[in-house]
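The structure appears right after this line, and notes come after that.
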Amino acid sequence: MLEMYINNNNTEFQKQQLWTAIVQAKQDGLSNEEIIENVQEALPDAMVFYAETVLKQIDFRAKLSRPVVEFNLEFLFQVIYESVIAGTNDNEILSICAEHCTLNQYEFVRYALEYIHLHRMPSQWEQNNVYQKMIEIVSSSPIESLFEYIESIKNIYLKQIGYELVQENLYNLLLNNKPISYFTDLANQSKDKFIKNYCCRTAVLVARATGKPLDLKVTGDGSIILKETKYLNSEIANNGIVSSNILTMGQAGKLLVDTLEDFNINAKYVDAKNGPTFNRIRVKLERGVSYKKVEDIGNDLVQQLGEELGLKVAPMVSVVPGGVVFDIPRLDRQFAYFRDYFSFDGEPDIYSVSIPGGVDVDGTYVEIPLYSDNVTHILGGGRTRGGKSQFEKAAILYLVRRYPPSVVRLALSDVKRVTFGKFDGLPHLVAPVARDAESTANLLDYLVEEMELRYQEFERHSSIETIAQYNSRFAPDCIMPRVICLIDECFDLLSDDNYCDRIETALMKLLAKAGGAGIHVLLYTQRPDKNVIDPLIRSNFPAKTAFVTTRPEDSCIILGDDKDKRAVYLLGYGDFLYKTTEVLRLQALYVADDEDPEYFQQLLLEAKNQNDPYTAWKSGLDFDEFVASLYDESSSNDNGKFKATTATKTKQSKTDFEGSFSFKVQLDEEARNSIMNLHQKGYQLDEIVKAVFNLSRQDGRSYKKFRNVVEEFLNNFKGGGEDDI
């Protein structure tokens, strides 16, 4: 048969003869390898490739026509997947399936082919081949041709190769000083949403470099409309304020000083800075002028300078060393993308665990050091669309990607069930993400017990009091991991009547001494209600992160200062105040997990598979066993309620009952110290009673009794009397 092929030059006839020969060889019992060997010896390479294709088709057809009544879809998917991997053409697969499958099965085949092409992991050879093809396109054609080639690719892994090449070429075009309109035109020419996004980001970088404001509008059909403000000269373009009269920063500063004089506030212009979110003008108040005069002048400035400075919202006014600053919102605001600040190259610093903070007015990246005594625990909050969730996700993503599980562990609570769900299943988690008040109470109780076991470990070694000292002595041979407990929307948790006592008690214990044991609490809420979040809890957070709030009092509660209302003037979407020993205004990093899911998922995959060369210290406390021990066998008879909460035990230890309806209160040392501490901080009587005894006016006679005791104790203390009542 092969001799007949050699003597005939008609290609189609040759293929038909080769098909017949292969079918006969299969019937004679020859294996695929034996058939290919014979073809390679007698025929040219082109026919060897054709023979391989024929064998794939025969094998695929044989699997579908096996002697059974019917096959399930799982088997069909497996057969299709093997055929695709073997290189069988889609049309050939569909043609064979049309002969052997029902209509429903045939429809399944079509969807299966689409899914396989989209999600299969290509071989290294295939990846290299696609990459070389893209390089050839870039070297010989405009970048639009690369866009078209990427759009024709179905597989997400091969597309990712193209996306990386697109970013490299866009960066080169940026260095070649291409105008903003060039990149927005590229975005409009591409149908791929990720390529559009990369082009728009580059346009934003050009706008930042040239000082030109950028207004990108997306139409209903996905097209991007560019609106640029035309500057009068290059000097103005390099300064940051956009307005109808086009002012330089120096001119804007002098105009601000003149306007302040109209309000009988004498000041002198000092300097100005361009930031990604706002422009900062610093002035020096004349001697004798109080800061209170300018503290709430923001709305008046909008009225007086709204047109000249482009003010649409009141600027934030703050005191800084050497003057007072006015933060003027930028009309061409820039965002800080997470991926632009981290490459995750090199080994992590296992002794200095930190989380991303943001970018300050100078464009400098600022991190939040959890290992610092000025941080340890963080209280944060702000209204919807303030950027709180993005800040939290950036912190988690950074921690799991930068540090292995032996260095950092996570305890997450998400009662909204929408923020932390993407992180479930990570090896860094000490327990599954808590999604209700009960599971959060269990998680916090577990951390309290873990804290105690860590301090017991410290006691076994002389001169060790903190996790920093422990790791300094024993790491890297044995490292005690830091545990970051991040709680989203604590308002719902602390409003739960069944579990609020347990949660409050556990939080108080953790905030009191868990920082030294390497357990850090990050507590966030949209509603920082002073009647819900215990004052004693709020006062034990050394660090605060305040996102934009709706009410001035919310700003005061988060920042721990009843006079600091500045969070009301924040711009939202990641603009926040970071307070420790000083207050910084930062732009939080934007994770963009919805805009760029491939990058987000890639970091999660790397976090799961990262190398962990360290040996972690283990307390031996198993979460599931610990939770089971919290409930006794009779829990089913009392509807699963916790036997005796720590809060109840604490309250009983502070009271000496003398009958059913009357009792004498005797304050122990802990209660006296707590009362004095809160009193010195300016807390009112009802706030102290709530913090120390967990009682409010709704508790009736019990509340009145304890309130009288606290009041008498404070009066006696002022008068030099006895502490006990």
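Using the three backbone atoms N, Cα and C, a Cβ is placed for every residue, glycine included.
Features reported for this protein in Swiss-Prot:
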- 363-556: domain 'FtsK' (DOMAIN)
- Gly382, Arg383, Thr384, Arg385, Gly386, Gly387, Lys388, Ser389: ATP binding site (BINDING)
Tell me, what is the mean pLDDT of the domain 'FtsK' (363-556)?
93
Centre the Cβ atoms of Gly382, Arg383, Thr384, Arg385, Gly386, Gly387, Lys388, Ser389, go out 8 Å, and tell me which other residues of that chain have a Cβ in range of the ATP site.
Gln526, Phe547, Val548, Gly572
Per DSSP, three-state class assigned to Ser389 (ATP binding site):
helix
Let me check the 10 A CB neighbour count of Arg383 (ATP binding site). How many other CB atoms are there?
18
Inside 10 Å of the Cβ of Ser389 (ATP binding site), count up the other Cβ atoms and send me the figure.
22
Counting only residues 6+ away in sequence within the same chain, which have a CB under 8 Å from the CB of Gly387 (ATP binding site)?
Phe547, Val548, Gly572, Tyr573, Gly574, Asp575, Phe576, Ala588
On the three-state reduction of DSSP, what should I expect for Arg383 (ATP binding site)?
coil
Entry from the binding-site residues list Arg385, Lys388 having the most other CB atoms no farther than 10 A:
Lys388
I need the least crowded one of these binding-site residues (Gly382, Gly386), counting other C-beta atoms within 10 angstroms of each C-beta.
Gly386
Does Thr384 (ATP binding site) have same-chain partners at least 6 apart in sequence with Cβ under 8 Å from its own Cβ, and which are they?
Gln526
